[in-house]
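Visitor: One structure coming up, written as structure tokens, with questions to follow.
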Amino acid sequence: MADEAKAKGNAAFSAGRFEEAARHFSDAIALAPGNHVLYSNRSAALASLHRYSDALADAQKTVELKPDWAKGYSRLGAAHLGLGDAASAVAAYEKGLALDPTNEGLKAGLEDARKAAAAPPRRGPSGPDAIGQMFQGPELWSKIAADPTTRAYLDQPNFMQMLREVQRNPSSLNMYLSDPRMMQVLSLMLNIKIQRPEASEPSQSTPPPPPQQQQTTPPETKAREVEPEPEPEPMDLTDEEKERKERKAAAQKEKEAGNAAYKKKDFETAIQHYTKALELDDEDISYLTNRAAVYIEMGKYDECIKDCDQAVERGRELRADFKMISRALTRKGTALVKLAKSSKDFDIAIETFQKALTEHRNPDTLKKLNEAEKAKKELEQQEYYDPKLADEEREKGNEFFKQQKYPEAIKHYTEALRRNPKDPRVYSNRAACYTKLGAMPEGLKDAEKCLELDPTFSKGYTRKGAIQFFMKEYDKAMETYQAGLKHDPNNQELLDGVRRCIEQINKANRGEISQDELQERQNKAMQDPEIQNILTDPIMRQVLIDFQENPRAAQEHLKNPGVLQKIQKLVSAGIVQMR
């Protein structure tokens, strides 16, 4: 997935592994070539590798895909500046600031670009100035921020003041080399590890040994010095920062313990661990969303909702990942569904799921939304159900039907069905209204629904048969009437219906209908899947040929009940005429 590759790239970039970061971002781009953020990230990684031409190409693609995104112009300016094109860098930063006037990164970049543009051409610096010039490039800030051993320096005002002084006057670098933080940054910029003897001494106040003593250092000491130096404990961290780091680590352990308890369905213990994690670190909303999931399992839906609301609010403050915000909203929606007692209670749950989907379109959230909407609709029907009021509306519809006010009758029949959707009589009555208004498809649908609810209801068969007869589908109408006669053999309406259908079929066979009417019947019949299957059946095609060319063979075919039934179907539909 592109998101997974992007996350790996971000992690590699933060660790200073820029080549690896660029590879991961390239993998993500292959999966999502229209994502402007991926090109922006790869541009930053390439710039950190001093591959400014490639970084420029990615920055240009970023602003092409998202011309209203200020950060893209920051990448564009950095790439131009790395290539020595200060004028283009100034133009890029100015475009970005036009979109986001308060962006500090763009302001700092524009200041660097203007200085570079205003500086007269000169010979390359040498000596201390040459080293000091390394602090002028746009990659300085990204390298310091990306390296875990220097990242915290950016929050220290006295260090930032030193760094800006070196930027203004590269020659002043020597003044600050006694500061271990400046040495650490210099080591980072030179991409080498500078040995600091004082780092291994027990006290900073101990004077360095004279040169003669250094030369007489025992062999085992020399061997220890040439060994790879382990990553030092960041000596720049304040006590407060160290405590914060330790608390975060302890919070993660509590979270892991909570997850293990949750899997064992030891919910009380899981709650305790997540609560402790939250007390240690309130900057990770996953502790809240995990505790909310436990509350759902325990049936404590109100507590779940409180945790989810807190997670969303805190997540907004921390600018947390949209997926985490979506997760909190989804769990809140789940709790609201559990609490719903009426159809109106589902409204806020549905709204919550919709908000979750605007944050991140998750298939699970979408499924929960669809289920909530379906449950709301079913509950609405149950709440509206009232057979007594349905009968009253049906009677009103009957009165309007007698007065031949069919639209008004349909209105009352429809209301009756809302009150009681299981009454076949109402569907039958409304089908009659549709028939009077010439709305045959709607009438046929109601008649079929009527028979679905009560297959023994004779009036349903007469309604359906009448509609099919009016649609000149005499074969289907006769089948409907005959089906009704199986339940009510003496029903006169059904018997009359069969008789009328036979008359129309015989008229067609005797050629007593117009060619246009015959053509119309045949066209309708050809749309019937059953007729189509008969005509495409190789055996039936041979039977029809024999009827024309070999009457004796045709008579033999008619002895087969299956063939006889299909021939009768074709005759009734007007496809075949028997004379």
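For all residues, glycine too, the Cβ spot is worked out from N, Cα and C.
The repeat 'TPR' annotation in TrEMBL covers 2-35, 70-103, 251-284, 390-423, 424-457, 458-491. The domain 'STI1' annotation in TrEMBL covers 147-186, 528-567. What TrEMBL records for 197-260 is region 'Disordered'. Residues or ranges marked as compositional bias 'Acidic residues' in TrEMBL: 228-240. The feature compositional bias 'Basic and acidic residues' is assigned by TrEMBL to 241-260.
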Visitor: Counting only residues 6 or more past its boundaries, what in the same chain has a CB within less than 8 Å of a CB in the repeat 'TPR' (251-284)?
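Guide: Sequence-distant neighbours of the repeat 'TPR' (251-284): 290-291, 293-295, 297-298, 314, 318.
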Visitor: If we skip the immediate neighbours and take only residues 6+ beyond the ends of the repeat 'TPR' (390-423), which ones have a Cβ under 8 Å from one of its Cβ atoms?
Guide: 381, 384, 429-430, 432-434, 436-437, 453
Visitor: Could you pull the average pLDDT for the repeat 'TPR' (390-423)?
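Guide: Across the residues of the repeat 'TPR' (390-423) the model's pLDDT averages 94 on the 0 to 100 scale.
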Visitor: Per DSSP, what is the helix/strand/coil residue tally across the repeat 'TPR' (458-491)?
Guide: 27 helix, 0 strand, 7 coil
